[in-house]
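*Asks:* Here TrEMBL flags 9-357 as domain 'Major facilitator superfamily associated'. Taken from TrEMBL, the feature transmembrane segment applies to 12-29, 41-59, 71-88, 158-177, 204-225, 231-254, 266-284, 290-308, 329-347, 353-373.
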Amino acid sequence: MPKNPFFKTSLYYTLIFMATSSLVSYISLFYAEMDVVDSKIGILTSVGAIIGVLANPFWGVRGDRAKAKNNVLRLCLLFAACFVWLFPLLGNNFLLLLLVACSFYFFQSAINPLSDAISLELSAKENFQFSNVRTFGSLGFAVMSVIAGSLIEYSIDAIFILYSSLMFIALIVSFWIPNIKGYQQDRQKVKFWQVLKSRSLRRIYLYTLILSTGFGFFISFHALYSVEQGISVGLLGIGIMIGSFSQFPFMLFFDKLYEKLGIRKIILISGLFNVTRWTLYAVWLNSYTILFLWLLHGGSFILVYLCLAEYVHRHVQKELKVSGQMMNFIVLQGAGQIIGGIVGGFFADLYSYGIVFASLAVISLIGVFYFWYSTRSNKALVDDYPVQTDQSSAL
């Protein structure tokens, strides 16, 4: 096994994103096969976000106070790989599915933010770029989206086989990654919610929450909407692959973009990508356009994701590095998915997927204007007081 930490971390990210692609992209099709209606599918897809919002402060504190953050991550990998099998075993009852989803996502929701916190610190120590590691994750996501899309045309249970197998392999690979210690072991404890003391970060999070509502609805219902429009699951898988590949230029050149444009301009541009994307999904989704629409994926989610990860890594005090990444998950993939999945699912039942996407385009445009206006006097998004404080000022 090569000693290069970049290679090991990249391999690990490839595996966890392959696993995520095999499950998250198609889980709504499993629910539909179990005869679950749209409003309840919205609840099931959003429960992971709800559990993430509730559980991530717990995992954030555990990571920041652990002798090795990696050990907390390994625990989550192990239980996620095992608990995913409860979905097909108990899938015929909605209440049991809800209980299974709560148990599974308690562990699964912590995997990405824990991985990001560890990898960002390791990249700083070993002098490699986190965005390049994340590129390998998207490559794995893209490849597996096509493989999973092909396999589930034969059996929907393929998503559980793929997810569990890949997570077990990722668990093995995680033992090859150097340990990163928590920074609250021998000091007075710092509370999780201290992450929110930065006014600039609060504004970023509010804007991100507005955008992530669209992400949440999209994640919950894009597969069902595509199939409803007569798009085959195989073609959808190719679209997801193209969407993953469309992120590569943004990830490969992210560090240069961040230094040249700064977080404010980047996430404003990303907001405009979202406005365009949801508008087109509302009026122009069919078998001929889906591949083009997936090209817009590169300029939407990944830019916000990387900006949040980098901003927290640079500006949040080291005792809260894991907690900061957990807060990113809560806002970007937690609260937004709850609102988008549950509320969006309710309105999709009442009206249609297209009307909800059109509404999300308007909401995203309002969010872009809000963030542009509220940050015009502090374009660098750096607070007047230092964010990295000493122990006494952090409490």
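Note: Cβ is positioned from N, Cα and C throughout, glycine not excepted.
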*Asks:* Could you tell me whether the transmembrane segment (266-284) and the transmembrane segment (329-347) have 3+ CB pairs under 8 A, leaving out pairs under 6 positions apart?
*Replies:* no
*Asks:* Would you say the transmembrane segment (71-88) and the transmembrane segment (231-254) are touching, if the rule is that at least three C-beta pairs must lie under 8 angstroms and be 6 or more residues apart?
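*Replies:* The answer is no, given that the two segments have fewer than 3 Cβ pairs within the 8 Å cut-off.
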*Asks:* Taking the transmembrane segment (12-29) as the first stretch and the transmembrane segment (290-308) as the second, find out whether 3 or more Cβ pairs fall under 8 Å, excluding pairs closer than 6 in sequence.
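*Replies:* No; fewer than 3 Cβ pairs under 8 Å.
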*Asks:* Given the cut-off of 8 Å on Cβ pairs that are 6 or more apart in sequence, determine whether the transmembrane segment (290-308) and the transmembrane segment (204-225) share at least 3 such pairs.
*Replies:* yes
*Asks:* Residues sitting near the transmembrane segment (266-284): Cβ under 8 Å, six or more positions beyond its termini, same chain?
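*Replies:* Sequence-remote neighbours of the transmembrane segment (266-284) are 204, 207-208, 211, 214, 218, 222, 225, 257-258, 293, 296-297, 299-300, 303-304, 307, 354-355, 357-358, 360-361, 364-365, 367-368, 371-372.
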